[in-house]
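Enquirer: My questions will all concern the structure given below.
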């Protein structure tokens with residue numbers, strides 16, 4: 001892992017290059033995704049069968065997982081896993097319940113009524129990855145906020161394996177309250193949710209992380225359906241001063257690096273000795289890490305340790321990066337929170353490591369990546385509702401303001417708008 005001693009602008013340039021390298025998208029992949037989406041739109045289940053056999057090596061007669069399979073899944077998971085899942089569910093619900101908002105009703109003078117109605121989406125699709133790792137936690141993080149919002153129907157898709165779907169995924173789906181589960185993955189699953197097929201219902205919104213093909217497919221169908229966000233590779237920035245623990249920092253950097261080779265792991269520190277210790281510790285921990293090949297490739301391609309003169313500059317650099325995850329291993333981390341402008345999720349102190357947020361604490365782990373934390377937010381209950389405004393005026397109330405409306409409408413050249421007001425008072429031209 002490279003240790004970089006640069007001024008602010010040079011450090012920022014290097015970091016941007018790391019991110020660009022992580023987000024390079026082959027044009028051939030984009031073309032392939034576009035073709036898959038179009039074929040599923042046109043051929044529906046026939047295309048799903050073709051791509052499932054091609055990409056997953058599995059022939060499936062019925063893509064829907066039966067209720068019996070879901071019930072039997074609990075026989076194949078550990079009691080300790082169920083206990084952990086229940087604890088995570090409790091914390092996720094308690095956190096997200098506080099995000100729920102009420103409809104607004106505002107009654108002003110002269111009988112003017114204005115308001116906003118908040119309603120849940122009717123149905124959503126949740127994508128759960130099934131590649132080099134299985135993610136039951138993603139089921140909870142995507143489904144529970146939707147349930148709290150009041151979504152009527154939740155459909156889940158996840159790639160099939162030779163032996164079926166990982167029972168841990170099925171148990172998590174059952175616990176979270178998923179209504180239907182389908183054995184389908186990749187760009188073809190996103191297309192099926194967006195357009196509908198003979199077997200899979202069309203939904204109003206698609207959420208959930210996935211690989212590059214899934215992310216590009218979500219971009220392709222956006223507008224046909226809504227999506228949560230277009231997630232890029234996982235990323236973490238750790239800011240540390242001389243109080244930082246090299247073992248903790250190295251472990252936290254590797255916790256993101258093991259996701260995939262395109263993940264980004266960056267440490268920004270004011271202490272050169274700590275930087276050297278972190279570098280050594282990463283090498284030591286990689287030797288015993290089961291996913292060391294993936295993590296090492298990620299660290300070599302997209303990892304770095306930056307030396308800066310002050311924590312203030314470290315925070316400025318982090319704000320320019322706008323990372324998915326930001327850890328603060330510094331004295332008085334709570335005092336620095338006010339200076340963090342852009343980050344998906346912020347972890348304060350040595351005992352709030354990023355995996356705590358990934359699995360158990362309650363805040364959502366579906367976060368903006370690739371700098372989009374500047375304008376996107378973590379997944380929340382708000383993502384599963386829509387809002388309608390309403391208003392009611394009395395004749396007297398409209399009469400009082402009609403001249404303003406007519407003036408504005410005529411100024412914009414929209415004379416039918418003006419007439420719509422005037423005709424109610426016998427003033428049409």
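Cβ from N, Cα, C; glycine included.
The following feature annotations were taken from Swiss-Prot:
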{"type": "ACT_SITE", "residues": "324", "note": "active site, proton acceptor"}
{"type": "ACT_SITE", "residues": "325", "note": "active site, proton acceptor"}
{"type": "BINDING", "residues": "127, 188, 211", "note": "NAD(+) binding site"}
{"type": "BINDING", "residues": "234, 256, 259, 325, 358, 412, 417", "note": "substrate binding site"}
{"type": "BINDING", "residues": "256, 259, 358, 417", "note": "Zn(2+) binding site"}
Enquirer: So what sits near residue 127 (NAD(+) binding site) in its own chain, CB-to-CB under 8 Å and at least six residues off in sequence?
Expert: 156, 157, 158, 185, 189, 190, 193, 206, 207, 208, 209, 210, 214
Enquirer: Of 211, 259, 412, which binding-site residues are close to residue 325 (active site, proton acceptor), meaning a Cα within 10 Å of its Cα?
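Expert: Close binding-site residues: none.
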Enquirer: Within 10 angstroms of the C-beta of residue 211 (NAD(+) binding site), what count of other C-beta atoms is obtained when all protein chains are considered?
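Expert: Counting Cβ neighbours of residue 211 (NAD(+) binding site) within 10 Å gives 19.
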Enquirer: Just name the most isolated of the recorded positions 259, 325, 417, going by other Cβ atoms within 10 Å of its Cβ.
Expert: 417
Enquirer: Quick one: pull the CA-CA distance for residue 412 (substrate binding site) versus residue 188 (NAD(+) binding site), whole Å only.
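Expert: Here the two Cα atoms are 46 Å apart.
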Enquirer: At a 10 A cut-off on CB-CB distances, which of the recorded positions 324, 412 has the highest count?
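Expert: By the 10 Å Cβ neighbour count, 324 comes out on top.
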Enquirer: Just name the most isolated of the binding-site residues 188, 234, going by other Cβ atoms within 10 Å of its Cβ.
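Expert: Counting other Cβ atoms within 10 Å of each of the binding-site residues 188, 234 gives the minimum at 234.
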Enquirer: Sequence gap of 6 or more, C-beta under 8 Å: which same-chain residues meet both conditions with respect to residue 358 (substrate binding site)?
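Expert: Within the chain, residue 358 (substrate binding site) has Cβ neighbours under 8 Å at 137, 255, 365.
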Enquirer: Sequence gap of 6 or more, C-beta under 8 Å: which same-chain residues meet both conditions with respect to residue 256 (substrate binding site)?
Expert: 234, 235, 236, 263, 264, 265, 298, 325, 354
